[in-house]
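Visitor: Have a look at the structure that comes next, please.
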Amino acid sequence: MGGGRKNFLTHKLKDEEGNPGYRRDNADLIKEWQLNRKSLGASPKYVFNRTQLQSLDLKEYNSVLGLFTYDHMPYHLEAGDDVPVLSEMTHKAIEILSKNKNGFVLFVEGGRIDTAHHETKARKALDETAELAKAVELALRMVDTEETLIIVTSDHSHTMSYSGYSKRGTDILGFTNIMNASDNMPYTTLSYANGPGYKPHEEFQRHNLMLDDIENLNFTYPSLVPIARETHGGEDVAIFAKGPWSHLFTGNYEQNFIPHAIAFAACIGPGFTSCKS
């Protein structure tokens, strides 16, 4: 479930909103998916809006493809009522997959956290992070963590930083309330090492952010180095785990260990697993 309908359709076809497909190989992956699922004995259903997703009859369908937008999913703060939010997609996915008596693996990504940071739009990035947290909270309520392992992590960081000695209760998205910069100019608590939020210095002075509308959803937070898209950072990222074998996900290790640990815990894949002696 997600966005990107254009990548599933040939340029000779149009999607439900009248937009042409992107593919040049004449493939209709939506139709191919439906035929493939039927050949495997499944009952597939393709949905393309929130209403269809919420009204799915799970007694009739056991395999679902949801493509809700032509391109990227919209940011939560800008989404219309016809697009499901991440927690709604997570809820429906767990309902469907829980019917499998042999268990399931579900991958949920808050993908627009990344794109918002690349645009140095911290307001959107943090809201998308909150939406991911809602999806995790819902998943924890829906599954039995005595038999289900839930892992939350990231594949990289971004160059966003937190600075200043603001008092408790200060808006994280606003200015620091202790203006101790040497040039006596205001600065935001959040900023980036690089990105499109760079403002040219005027007469060797830092740009005055009081001239900007920092409450605007599309405000680009200050960047040290001018670059079209902010880059990833280099520090370690956190990982949180709850459920069987969650003790494997402690300490410091390379990221490529994670899929092996998941496979071991879930008894999947060709390698050594907890089910094999």
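Note that Cβ sites are derived from N, Cα and C of the backbone, with glycine treated the same way.
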Visitor: His201, His207, His232, His247: which one does TrEMBL list with Asp114, His118, Asp155, His156 for the Zn(2+) site?
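Guide: Same Zn(2+) site in TrEMBL: His232.
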Visitor: Helix, strand or coil at His118 (Zn(2+) binding site), per DSSP?
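Guide: Helix, per DSSP.
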Visitor: What's the CA-CA gap between Glu109 (Mg(2+) binding site) and His232 (Zn(2+) binding site) in angstrom, rounded?
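Guide: About 17 Å separate the Cα atoms of these two residues.
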Visitor: Just going by other Cβ atoms within 10 Å, which of the binding-site residues Glu109, Asp114, Asp155 has the emptiest spot?
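Guide: Checked Glu109, Asp114, Asp155; of these binding-site residues, fewest Cβ neighbours within 10 Å: Asp155.
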Visitor: With helix taken as DSSP H, G or I, strand as E or B and everything else coil, how many residues of the compositional bias 'Basic and acidic residues' (12-21) land in each class?
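Guide: Tallied per class, the compositional bias 'Basic and acidic residues' (12-21) gives 0 helix, 2 strand, 8 coil.
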Visitor: Suppose we draw a 10 Å sphere around the Cβ of His118 (Zn(2+) binding site). How many other Cβ atoms does it contain, all chains included?
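Guide: Here the count is 19.
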